[in-house]
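Chemist: Have a look at this one before I ask anything.
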Amino acid sequence: MKKLKFAIVGCGRISYKHVEAIINNKEEAELVAVCDVIEENAIEKKNDYISKSSEEFNVNIYTDYKEMLEKEDIDVVTIATESGYHPEIAINCMDKKKHIICEKPMALSVDDADRMIESAKKNNVKLCVSHQNRFNKPIQQLRKAVEANRFGRLVNGTARILWNRNMGYYHQAPWRGTWELDGGTLMNQCIHNIDLLQWMMGGEIDTVYAQCDTFLRDIEAEDFGAIVIRFKNGAIGMIEGSACVYPKNLEETLSIFGEKGTACIGGLAVNKIETWKFEDGTENEEEDILRAQEGDPDSVYGFGHTPLFKDTIDAIKEDRAPLVSGEEGKKGMAIILAAYKSRLTGMPVKFPFNNFSTMDMVNVEKINK
């Protein structure tokens, strides 16, 4: 099968990981176009790709993704723009029969996520949401332990994201922390770990209750949030997310507790097993696992983009759903939207719930009707 032709739309903070993932899958993928409304960003991304790939490529530059779609022969579009623009770009690309890898969150409303999922089905294309931490080796080990029922009855799981995002971070890109294009620390910083928590705990949600507030950062959305989830299997999930930790990032951890097992994963990007104890474990299992681990990645983005892109390439070739399909990508986003709704109403939110958007956070009357 010929190489798949990739285009990147949005050449900001995370896009270097898309470049890296395409290069690392160079036997099956090549970058043919980059697009950003700021042309200098697109030029920088093109040069980044060419310098790192050590091969000569013709990578074309655009400031209008619709023009790019008309002029280029593209198989896959990766979307790394401001979050609020994801649905429109993705749907327009899928209507042109392009497969999609979309950065998290896939959308900022339930309806928009559903429209993206429906568009992928209608156009018979693959939609992948970039929850790359699912591909971390320790996370894969943890998932296998859950599937093998090594925990026995699941009791509770916790996700803690205790980071520092100062005002320089928000000033660097003024869309951050806005209800229209982003959301707060739960939607931006915490969604990866929330996705992992629900994936491990069974995925099916009964209720979500949350308390959130804006303590230290001059932004519209929250800089701290706490969520309690009751899963349909009876287990409880707890999420603590902060952008206010002094003076720098403290931890990102995922812990799962069950009748017969305890596991905790930390590291820079939930990439290191810290505790691994099971009733059916061998004497040296935990010691062997801890000794065999990789070092930390270069950033909190982790190692996962390369295998996520590989999985999407394979999904296209094999005509199957990617591991993080649109349906899967919606789950963590829906928990956060339910948390926002709970913040407004002061009540737990029962699943499933009607459409809700981050923009409803500035329209309290709509929620209280």
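Every residue, even glycine, has its Cβ placed from backbone N, Cα and C.
The following feature annotations were taken from TrEMBL:
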- 4-131: domain 'Gfo/Idh/MocA-like oxidoreductase N-terminal' (DOMAIN)
- 139-263: domain 'GFO/IDH/MocA-like oxidoreductase' (DOMAIN)
Chemist: Could you tell me the mean pLDDT over the domain 'GFO/IDH/MocA-like oxidoreductase' (139-263), as a whole number?
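Modeler: Averaging the confidence scores along the domain 'GFO/IDH/MocA-like oxidoreductase' (139-263) gives 98.
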Chemist: For the domain 'Gfo/Idh/MocA-like oxidoreductase N-terminal' (4-131), DSSP counts of helix, strand and coil?
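Modeler: Split by secondary structure, the domain 'Gfo/Idh/MocA-like oxidoreductase N-terminal' (4-131) comes out as 59 helix, 30 strand, 39 coil.
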